[in-house]
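Student: Take this structure, written in structure tokens, and hold onto it; I'll ask about it next.
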Amino acid sequence: MSDNDTIVAQATPPGRGGVGILRISGFKAREVAETVLGKLPKPRYADYLPFKDADGSVLDQGIALWFPGPNSFTGEDVLELQGHGGPVILDLLLKRILTIPGLRIARPGEFSERAFLNDKLDLAQAEAIADLIDASSEQAARSALNSLQGAFSARVNHLVEALTHLRIYVEAAIDFPDEEIDFLSDGKIEAQLNDVMADLDAVRAEARQGSLLREGMKVVIAGRPNAGKSSLLNALAGREAAIVTDIAGTTRDVLREHIHIDGMPLHIIDTAGLREASDEVERIGIERAWQEIEQADRVLFMVDGTTTDAVDPAEIWPEFIARLPAKLPITVVRNKADITGETLGMSEVNGHALIRLSARTGEGVDVLRNHLKQSMGFDTNMEGGFLARRRHLQALEQAAEHLQQGKAQLLGAWAGELLAEELRLAQQNLSEITGEFTSDDLLGRIFSSFCIGK
């Protein structure tokens, strides 16, 4: 397998459909056109032609599009064949194309990878293609499109350019100490560094929003049996996702629902009631419940309000609270307010949010929805926003740490070489986002998660 091979893949989803598309990229795409179509179509014009087998018989007929490189998605010669979407027809056409020497099936994401390697896209834009395909809401799709069009990359490149100018100034002062460049008296370096750090903080804040929009928040509903966990899942989901009975321990396994609150994706997980297991099936369900709790972004501690008047989670169930991960945020949900007559709404107890509601009637559930949105700092007005991945957040955080360390050098003993090194490392972290400095292993992991024909 060589990166110089001409590659082919189906660009439409597998299965039956009105249209099926095969995409070919590489220097032999021209030969494919001449062999299968009998001619080379006019560049960037749709041509309706028969697709022929080796013996001259017609396999299908459809539209052929020819994009000679470098003016194509991948930067190479690209041919697209748009025929009927039957799997048998597409398979016959694909087999015909693969009889031509030098062609092979594309790896997942290889078309986008070639676009990146040929400077048609930077890495953040290439990732945005997959994010746009996987978008689960209108807001996520718009933000992914913004990233694909370069919104995120432009912000990162602006930071990289600012760091370049700052490094030039610092390193000139180090290399030419006899020149009249005084770091401390004019304050230029500190002022420029503060500007870069402020811009970086703004990008980090937007990236956290973009990551939340892409990844969603994992919320686990946990508590004793018959506290109303499954009823709350149904209320949040707006449908009967879980079986609800008066029998304690009805839920034996993990149930998952994917919902949106004003565009924010939420992964709601209902778990088995926590108690001493009565049988092996329940024991496994409780083990899985704790596994989900340990991986949660937030736990909704469900309390049956008819069984206790306590509101402090440490008082309600100290053993449960003691077992939770130290920094895991919890929200206490006192359920069955329709029976207890408690006042609906939210308050705070010892640093924990406390919400009184009725999962059965739905009263107070909107308060919980707003709380979940606000607890993650989600901004529903993200016009011009972009999507971000975990690796982007890590790169931005590392860049911020290097700038903080560089500023400490500047304001402390003034070690010019150490400041210059911190600036270089921060610039490298930022450049990893767009792919200016990226290892081959990382590229492989990123593009292998793409669709085959992308």
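Just so it is clear, glycine is given a Cβ too, placed from its N, Cα and C backbone atoms.
Per Swiss-Prot, the features are:
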BINDING   Arg23, Glu80, Lys120, Lys454  (6S)-5-formyl-5,6,7,8-tetrahydrofolate binding site
DOMAIN    216-377  domain 'TrmE-type G'
BINDING   226-231, 245-251, 270-273, 335-338, 358-360  GTP binding site
BINDING   Asn226, Thr245, Ile247, Thr250  K(+) binding site
BINDING   Ser230, Thr251  Mg(2+) binding site
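Show me how these features fit into the shown structure, please.
Tutor: Within the same chain, residues at least six positions away from Glu80 ((6S)-5-formyl-5,6,7,8-tetrahydrofolate binding site) with a Cβ under 8 Å of its Cβ are Ala11, Ile21, Leu22, Arg23, Ile24, Ala64, Leu65, Phe67.
The secondary structure of Lys336 (GTP binding site), as reduced to three states from DSSP, is coil rather than helix or strand. Cβ neighbours of Lys336 (GTP binding site) (same chain, under 8 Å, six or more residues apart in sequence): Gly228, Asp304, Gly305, Thr306, Ser358, Ala359, Arg360.
DSSP assigns Asn226 (GTP binding site) to coil in the three-state reduction, placing it in neither a helix nor a strand.
Of all Cβ atoms in the shown protein chains, 24 besides its own fall within 10 Å of the Cβ of Ser230 (Mg(2+) binding site).
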Student: Looking at the domain 'TrmE-type G' (216-377) alone, can you tell me the average pLDDT?
Tutor: 87
Student: If you count Cβ atoms within 10 Å of each one, which of the binding-site residues Arg23, Lys120, Lys229 comes out on top?
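Tutor: Ranked by Cβ atoms within 10 Å, first place goes to Lys229.
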Student: Measuring Cα to Cα, how far is Ser230 (Mg(2+) binding site) from Ala272 (GTP binding site) in Å?
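Tutor: Answer for this pair: 9 Å between alpha carbons.
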Student: Rank the binding-site residues Asn226, Ser358 by the number of other Cβ atoms within 10 Å of each Cβ, and give the residue at the low end.
Tutor: Asn226
Student: Is it possible to get the count of other C-beta atoms within 10 angstroms of the C-beta of Ala272 (GTP binding site)?
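Tutor: Within a 10 Å radius of the Cβ of Ala272 (GTP binding site) lie 27 other Cβ atoms.
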